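**Q** So TrEMBL lists these for the protein:
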type	residues	note
BINDING	Trp48, Tyr141, Lys264, Gly298, Arg382	substrate binding site
BINDING	Gly108, Ser109, Asp235, Pro299, Thr300	pyridoxal 5'-phosphate binding site
MOD_RES	Lys264	N6-(pyridoxal phosphate)lysine
Amino acid sequence: MTERRGDHLWRPYTQMKLAAPPLEAVATLGSRITLADGRELIDGIASWWTAVHGYNHPHIREAVGNQLGQMPHVMFGGLTHAPAERLATRLAALLPGELNHVFFTDSGSVAVEVALKMAVQFWLNRGVQGRTRVLAFRGGYHGDTMGAMSACDPVEGMHHRFGAYLPAQVFCELPRMPEQEAALDKALTTHRRELAAVIVEPLVQGAGGMLMHPPETLATVARLCRRHGLPLIADEIFTGFGRTGMMFACEQAGIVPDILCLSKALTGGTMALAATVATTEIFTAFWSDDPAHALMHGPTFMANPLACAAANASLDLFETEPRLAQANAIEKRLTKGLEPLRGAAGVVDVRVLGAIGAVQLGGMPNLAALKSRFVEHGVWVRPFGDVVYLTPALTISDSDLDRLTDVVRLVIGKGMA
Ligand SMILES: *Cc1c(COP(=O)(O)O)cnc(C)c1O
């Protein structure tokens, strides 16, 4: 093994022996990433879907700066602080229905772990034993920690690598068709004594390949959960905060889940923060004179004040700047820019919803070659598997967005698939 720059860093989802060295970023601004060699890339990903307001928004910078001077962190056990109180109140007001009880953590995966724990303990606290599994959907992605991973697509989620270590969950297709609805109904009946909850990514299965389903499908999932008396967990970690064109994807189907997970764009792409939000009904199962009925979870950096300040500032921007209108304008522009690829050689599907555009390729592309072609053309686009997608900042300029779709058309049109 020869020493290379960065050898001490173990990189995400990376075969360290084979991967090309990463590019070094030195600065970001708006929808641009500046590299150490001076090149500037137009960002088509918004840093894994987090930077909804673009990078370095002055309002968020100022809020975090002020909080840094005041109190960067304080433990949350036995103490509280205004940034967290304010954020929880605002999230409860924004979310539909009785989603009123906010538990803060520091990453999406942990928010999902907490949701799973809440669902399992919800039953135990009510004296019901044996309900320890969740029903999840094929194509889904819920995170990389063990519990969250157990609810990811069983093939894409690499369950076979971890074998018996992972809890065995129940998997179904999303009920897009009547037969799938019948199969879901049947699975809910068959497993009725062992299921604690159903977990779904509303409208878009993100990391699973930007797979989209109509609001009616989501409404069907919610209806079947009600009928079977099962809590529904909506994982809005990707879809939350305007990505699909409304503040939350659940609103598009008019449903209210029992537990909802948020992270990614919660702080506008600046700090690590996540939230698991429960309805009053779920919360009430933990409200008791019995200390053992408490939710036994509490990350060290829970409700970090800097992150809460960033999230409050991000919510300010949703109030003062036209983010949802921008998401809807991006939808039109993405459609115009990507739709011409429908029917092109090697393209099997083009999907657009809100500020998400995806081009599904027919075969497995040479991902490394594809990624470097995008960089050569001055854009930051990171396909996964056979899907090339754009999830830009909601503030991206028309010209930058057009450049992104132009390059996607150019690179895919050159037969890179
Ligand atoms: C990214 C993501 C997660 C995991 O969040 P992390 O912060 O990476 O742990 C979970 N669910 C969905 C839908 C996601 O997109």
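Heads up, the Cβ atoms here are built off N, Cα and C, so glycines get one too.
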**Q** Counting other Cβ atoms within 10 Å, pick out the least crowded of the binding-site residues Gly108, Gly298, Pro299.
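**A** Selected from the binding-site residues Gly108, Gly298, Pro299 on minimum Cβ neighbours within 10 Å: Gly298.
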**Q** Go through the binding-site residues Gly298, Thr300, Arg382 and pull out the ones with a Cβ less than 6 angstroms from some atom of ligand 1.
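**A** If the test is a Cβ under 6 Å from any atom of ligand 1, the answer is none.
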**Q** Whose Cβ, among the binding-site residues Ser109, Thr300, has more other Cβ atoms within 10 Å than any of the rest?
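**A** Of Ser109, Thr300, the one with the most crowded Cβ is Ser109.
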**Q** What binding-site residues in the list Gly108, Asp235, Pro299, Thr300 lie within 10 angstroms of Lys264 (substrate binding site), counting C-alpha atoms?
**A** Gly108
**Q** Going by DSSP, is Tyr141 (substrate binding site) part of a helix, a strand, or coil?
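**A** SS state of Tyr141 (substrate binding site) = coil.
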**Q** In sequence order, which same-chain residues at least six apart have a C-beta under 8 angstroms from Arg382 (substrate binding site)?
**A** Ile45, Lys371, Phe374
**Q** Just counting, how many other CB atoms are there within 10 A of the CB of Asp235 (pyridoxal 5'-phosphate binding site)?
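**A** There are 31 such Cβ atoms around Asp235 (pyridoxal 5'-phosphate binding site).
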**Q** Where's the emptiest Cβ shell within 10 Å among the binding-site residues Trp48, Tyr141?
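**A** Per-residue Cβ counts within 10 Å for the binding-site residues Trp48, Tyr141 bottom out at Trp48.
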**Q** Work out the three-state DSSP category of Ser109 (pyridoxal 5'-phosphate binding site).
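**A** Where Ser109 (pyridoxal 5'-phosphate binding site) sits, the three-state DSSP reduction gives helix.
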**Q** Among Gly108, Ser109, Asp235, Pro299, Thr300, the annotated pyridoxal 5'-phosphate contacts, find the widest CA pair distance and round it to a whole Å.
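**A** Largest pairwise Cα separation, rounded: 23 Å.
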**Q** Nearest to Tyr141 (substrate binding site) by Cα, among Gly108, Pro299, Thr300 (binding-site residues)?
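**A** The answer is Gly108.
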**Q** Around Lys264 (substrate binding site), how many other C-beta atoms are within 10 angstroms of its C-beta?
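**A** Its Cβ shell of radius 10 Å holds 27 other Cβ atoms.
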**Q** Please give the greatest C-alpha separation between any two of the substrate-binding residues Trp48, Tyr141, Lys264, Gly298, Arg382, in angstrom, as a whole number.
**A** 34
